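Data block below; observations after.
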Amino acid sequence: MKIILATSNKDKVKEIKAFYKNYEIYALNEIMQPFEIKETGSSFKENALIKVNAVYKKLEEMKLENEFMALSDDSGICVDILGGAPGIYSARYSNDMVIHPTDESNRAKLISKLHKKNVKTSPAHYTACIALSCKSGNFTTHGFMHGRVIDEERGNNGFGYDFMFIANGFSKTIGELDENTKLKISHRSKGLFLMSKILKILNRSF
């Protein structure tokens, strides 16, 4: 089974490939020219479906829908003391500060927001919605990772807000954990695991 991801983000591609070793996984730019997808949804699920449907439509235009399934991920971090922000805007949280938001600028803004609340830490959780589009229709799953954010960056293994997030039951940030541990506890892995159950069923008729 071949799966095209609705992303060319090397970190996400690496994580998904590590989880789905039994499938042929391709980044978006390996199959088609990357194109802009406007994430206009109001939830992780809506945005994940917007992305995966846009990619699957391109597959149909390329007459590849019988060869590929499309998979997308929309994820982010929700911080309690900030009312759930940055949430679905996690990847572009600092777009009011810089023209092109980066992981670094997003983390800097989150730390600044914590300091404005006069706190160094807050309960938080990651959410990931995994969406699949294929001949059989659309399917979605969710994964969560609960813990807390801190106002400093620690570690060098990860991306996004990993360096300032500590999962429940751990004393190290996600950025300080090894890959195997991350794969076991991450929100994305949990969502991918649930999606793997759906993929196994679909694989029988694909």
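In case you wondered, yes, glycine gets a Cβ from its N, Cα and C as well.
Residues annotated as substrate binding site in Swiss-Prot: THR7, SER8, ASN9, LYS10, ASP11, LYS12, SER75, PHE159, GLY160, TYR161, ASP162, LYS182, HIS187, ARG188. Every protein chain considered, the tally of other Cβ atoms within 10 Å of the Cβ of GLY160 (substrate binding site) stands at 21.
DSSP assigns ASP74 (Mg(2+) binding site) to a strand segment in the three-state reduction. Residues annotated as Mg(2+) binding site in Swiss-Prot: ASP74.
Sequence annotations record features per position, and here Swiss-Prot assigns active site, proton acceptor to ASP74 based on sequence analysis. For ASP74 (Mg(2+) binding site), the same-chain residues lying six or more positions away in sequence with a CB closer than 8 A to its CB are GLU39, GLY41, PHE44, LYS45, ASN47, ALA48, LYS51, ILE88, ALA128, CYS129, ALA131.
For HIS187 (substrate binding site), the same-chain residues 6+ apart in sequence whose C-beta sits under 8 angstroms from its C-beta are SER75, HIS125, TYR126, THR127, ALA128, GLY143, PHE144, MET145. The Cβ of THR7 (substrate binding site) lies under 8 Å from the Cβ of VAL13, ALA27, LEU28, LYS51, SER72, ASP73, each on the same chain and at least six residues away in sequence. Shown are the binding-site residues ASN9, SER75; of these, the residue with the fewest other Cβ atoms within 10 Å is ASN9.
Taking each Cβ in turn and tallying the other Cβ atoms within 10 Å, the top scorer among the binding-site residues ASP11, ASP162 is ASP162.
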